[in-house]
């Protein structure tokens with residue numbers, strides 16, 4: 001990849017939109033440090049760090065962890081890693097106030113915005129059924145059970161998780177749009193946003209990779 005220069009990227013995408021798949025490919029091709037705030041938060045709470053304890057006081061009440069605590073978490077995590085030439089933020093910031101709170105500490109160079117049709121996501125997620133006892137998962141579009149509605153191994157009935165039901169998926173997508181649309185507009189105004197539309201992660205990813213390759217090539221010429 002040539003000379004290593006700092007690149008901080010943020011990936012945005014609706015639930016069920018393939019963000020995890022794209023992120024894995026980015027980690028492999030660009031050697032990013034993947035900073036998922038949800039994962040980091042749970043680890044800090046488990047390890048009872050100062051930031052973790054602060055976050056836990058809100059979580060045990062069922063309240064949202066304040067933006068400043070999450071920013072402290074991100075900053076502490078980066079400080080513990082030393083110099084990080086490639087950083088991929090995932091799960092934060094999600095709102096304008098969060099973005100503004102983070103900006104004095106971390107400068108985001110590239111925002112990868114995944115634009116996946118609602119209907120694609122609804123069909124993908126609502127096709128999932130599980131065998132509750134074992135956790136075996138089936139999907140009627142690519143991994144169907146041998147007999148509809150029945151686990152291949154035990155013959156017991158399959159069930160659908162509440163989160164996978166069509167009505168729940170629609171509600172989550174609507175909530176995502178309400179929260180994230182202003183943030184997308186914010187980064188578009190800053191000139192850091194790149195939106196990638198499609199229905200399949202394997203088709204979208206080459207365009208994401210080409211965009212980052214071009215960004216890095218342009219930076220190396222500066």
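From the backbone N, Cα and C atoms, a Cβ is placed for every residue, glycine too.
Unlike curated entries, TrEMBL annotations are predicted automatically.
Which of 6-35, 36-65 counts as region 'NMPbind' depends on TrEMBL, and there it is 36-65. TrEMBL lists region 'LID' at one of the ranges 127-164, 165-202, namely 127-164.
Tertiary proximity for the region 'LID' (127-164) is limited to same-chain residues at least six positions away from its ends with a CB under 8 Å from its CB atoms, namely 172. The helix, strand and coil residue counts that DSSP assigns across the region 'LID' (127-164) are 3 helix, 13 strand, 22 coil. Residues in the region 'NMPbind' (36-65) partition by DSSP class (helix H, G, I; strand E, B; coil) as 21 helix, 1 strand, 8 coil.
Across the structure, residue 94 (AMP binding site) and residue 17 (GTP binding site) are spaced 16 Å apart at their Cα atoms.
A sphere of 10 angstroms centred on the C-beta of residue 16 (GTP binding site) encloses 23 other C-beta atoms.
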